[in-house]
Amino acid sequence: MPIDKSRHSPDPSAVQRVAANALQSKTVKVERLEGYLYRTYRLTTGKGFFYLLRCRPSNSTRLLRHEEDRLDEEACALQSVAVVPRLVSARLIDYHAANNNALGSKYLITGPYSGAVFADVEPSFSRQALASVDRSLGQYVRQLAAVTGPAFGSMRQGSSFSSSSWTKIFTLILESVIRNGEDALINLPYDGMRDLLRRHRSSLDKITQPRLVVMELSADDDLVVDVREHQVTGLMDYSTAFWGDPFLSDCFCKPRESFVEGFGKLPNGDRDERIRQYLYVLYHSLLAVVRHHYRPAAESTELEARRVLTAAIGQLTALTRMKYTALGLLGLAALAAASDVHDLTGATFDDFVKENDLVLAEFFAPWCGHCKALAPEYEEAATELKSKSIALAKIDCTVEEELCKTQDVSGYPTLKIFRGASNVQPYGGPRKAQAIVSYMTKQSLPSVSLLHSADALEEFKTADKVVLVGFFAKDDKTSNATFEETADELRDSYLFGATSDPALAKAEGVTPPAVVLYKTFDEGKNTFEEGFTKDTLSHFAKVSSTPIIGEVGPETYAGYMAAGIPLAYIFAETADERASLAKTLKPIAEAQKGKLSFATIDATAFGQHAGNLNLEVGKWPAFAIQDTQKNQKFPFGKQGSASDLSAKSIGKFVEDFVAGNVEASVKSEPIPEKQDGPVTVIVAKNYQEIVMDNDKDVLVEFYAPWCGHCKALAPKYDELAGLYKAHSDKIVIAKVDATANDVPDEIQGFPTIKLFKAGSKDSPVDYSGSRTVDDLVTFIRDNGSHKIDVSGAEAASAEGGVETEGMPQQAPAATASGVAGKIADAAKGVAQEVVGVAKEALLDDEAVESHDEL
């Protein structure tokens with residue numbers, strides 16, 4: 001693990017004394033080994049073998065999250081493997097877990113090791129000798145994989161990093177590296193990686209037996225070999241050992257043939273095995289990229305790592321779409337070439353929208369991370385909608401700049417619906433394949449489809465998950481007009497049909513005027529026969545189309561937020577537990593239908609959302625209610641056991657909530673004792689006092705501490721606040737950490753900027769322009785009540801309107817020689833084949849804007 005040399009090494013004489021005491025030898029030779037993350041010393045006693053002393057890195061070494069406790073992990077791992085029969089491994093000789101010792105740092109001593117460090121002798125080995133080492137390494141890894149553990153995760157007893165679910169543990173492992181990447185403002189498609197993990201978690205669920213894994217064991221300087229027999233005799237570093245899937249080890253990234261001979265069967269047979277292996281390659285290549293930014297190495301392989309990351313994402317995306325059991329990279333290229341999405345240019349655009357009655361067009365940029373995440377969904381939707389004569393097209397705005405300017409494209413991706421060149425409207429649906437299909441199908445039909453026969457009615461009933469059919473007499477103009485008015489308003493959400501045939505109404509068991517909502521879930525249909533107004537009909541549609549107990553996810557979240565009634569969340573990790581809790585709580589949901597919605601939520605995929613509801617993240621199952629109109633949170637007091645969420649206890653909690661007897665939970669940081677900086681700091685406890693001051697225009701940035709865009713905006717926002725210092729009686733520039741404070745508004749991403757202008761606090765103005773000082777100044781002047789103009793200020797002109805978005809500073813940082821080398825080898829084999837699916841090499845992607853995937 002290459003790093004910079006430590007600037008604060010322990011005193012050599014202290015190392016000598018500690019080593020002599022631990023090994024009970026007066027003649028111990030101490031040698032500092034360079035190139036290791038943790039400071040490492042070789043201890044030789046002159047008996048033909050050696051020991052290692054390892055202590056923490058210097059304070060100047062930047063560590064990733066999972067690298068902080070390596071000495072503790074290694075000590076526990078060595079204690080665990082020491083009792084395994086026939087497994088050759090070093091012993092834990094001495095371990096000090098505190099810093100109050102002669103070295104001034106926690107340390108451990110391991111050994112004895114018999115042989116030589118492989119990196120020292122590798123240049124002198126023949127090709128046959130190297131193959132022998134590889135073969136014995138494969139055998140050694142097979143021995144490690146045979147050791148089973150009690151639960152997935154850490155080998156430390158009582159560790160919170162432990163679970164019966166491999167999916168949960170791998171999610172935590174990958175998320176840890178993603179968070180490090182976001183903290184360092186490294187431009188990568190984090191949303192896309194999270195989405196791929198969610199989509200393929202069923203493949204991870206197939207791993208049910210925890211086994212010993214050493215994630216990083218392919219580095220030549222971590223292996224000890226017998227120089228005569230050319231066999232691996234030991235592993236110098238167990239700090240990355242834990243209980244999991246053995247195939248996560250980096251030695252499977254690009255295994256050599258001789259390694260495979262020693263290990264045996266590799267995981268490349270069925271579809272689930274292939275998916276898991278691509279996920280593991282994704283992890284290791286992402287780790288190599290992130291390490292490079294934290295600890296730059298002299299010989300960086302970051303570019304190769306990015307290419308391998310691209311290949312893994314391309315493979316996983318294709319497996320998501322096509323369900324193929326064996327799909328090579330060349331197959332992916334062919335698949336991309338056969339796309340049902342039309343590539344348009346300035347020369348072909350007008351003719352295309354004239355020739356097609358209905359077109360959905362995506363205006364994108366190749367570097368845009370959200371565009372890349374949309375791409376496979378858009379492809380799938382295009383293929384399905386092709387049979388309905390609905391065309392999907394895309395326009396590259398980095399090439400067709402004039403066309404995109406003409407279409408008023410200000411962000412990526414922008415999706416617009418065209419009915420000819422002049423009839424244009426924005427696409428308002430979710431960006432998932434089936435949601436796109438459903439939304440565009442509705443757009444292809446009139447707001448109300450007339451149904452003249454029983455066959456037409458039966459076909460219409462199944463045209464979407466939810467459809468509404470009105471049964472009205474021909475001369476009932478009032479009911480017909482109300483129905484059409486409602487359909488015009490809700491056509492983006494539901495399909496509407498109508499019939500005046502009394503025989504059809506009789507067959508459906510209704511008496512006109514009536515509206516029947518047909519759905520593919522719960523009781524199958526609901527009938528509305530009284531009080532025909534647009535408001536009552538809209539309320540009926542929203543309530544009846546919501547499942548008694550549904551599931552919250554990216555495709556349904558917006559619908560729940562728009563339903564107009566509170567939402568009760570049931571958090572659980574497994575599908576079986578969610579189904580069990582749903583069955584238990586269904587009678588409560590049925591009794592409260594129309595007053596609040598109930599929905600389960602996958603705690604493994606969307607557990608971070610629990611923090612937004614003031615629940616303890618990671619303690620499942622859990623229950624909470626959110627008032628979606630006031631954005632108030634009501635977490636249930638007990639969580640962590642299914643018995644806590646009994647029908648009796650939850651039923652009482654829900655009844656008290658409906659009766660208004662439950663107080664909302666308010667999360668807030670302490671009110672600042674004084675405002676030190678130019679930007680006013682808001683917390684939940686002073687939000688009303690500052691933001692709702694009716695005499696002042698208040699610009700508020702809702703940010704997250706980990707958000708890369710927020711960090712890039714910070715100096716510009718400070719400068720903006722300085723410009724208004726002389727106008728503090730009329731204008732306040734403020735910010736609030738929306739992850740640590742409850743705010744009245746539902747925040748969908750970071751940063752979100754809103755202007756609460758004097759005299760109109762109930763209708764804040766959202767800011768959607770470029771994040772430059774000049775543009776923010778213009779926004780405040782044009783939208784604020786006081787119309788203050790500071791555009792002539794010297795500081796604002798110095799900003800020059802230059803947008804630095806997407807150009808973050810790279811943080812200093814390191815790569816691991818072993819896995820980086822493997823990744824470099826892998827890159828050479830796939831770089832030329834990945835053109836079709838992943839031709840964008842992730843070199844300039846945008847940072848993720850929110851950890852809460854909903």
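The backbone N, Cα and C atoms fix where each Cβ goes, and this holds for glycine too.
Unlike curated entries, TrEMBL annotations are predicted automatically.
Quick caveat, the model's predicted, so the values are computed rather than measured.
Segment annotation: TrEMBL labels region 'Disordered' over residues 791-817 (candidates 8-34, 197-223, 467-493, 791-817). Other Cβ atoms within 10 Å of the Cβ of CYS710 (disulfide bond), summed over all protein chains shown, number 22. When the disulfide-bonded residues CYS368, CYS371 are compared by the number of other C-beta atoms lying within 10 angstroms of their own C-beta, CYS368 comes out lowest. Across the structure, CYS710 (disulfide bond) and CYS368 (disulfide bond) are spaced 18 Å apart at their Cα atoms. A 10 Å cutoff on Cβ-Cβ distances gives CYS707 (disulfide bond) a total of 23 other Cβ atoms nearby, all chains included. For the domain 'Thioredoxin' (648-785), DSSP puts the residue distribution at 49 helix, 25 strand, 64 coil.
Sorting each residue of the domain 'Thioredoxin' (330-459) by its DSSP state yields 57 helix, 24 strand, 49 coil. Mean pLDDT of the predicted structure over the domain 'Thioredoxin' (330-459): 85.
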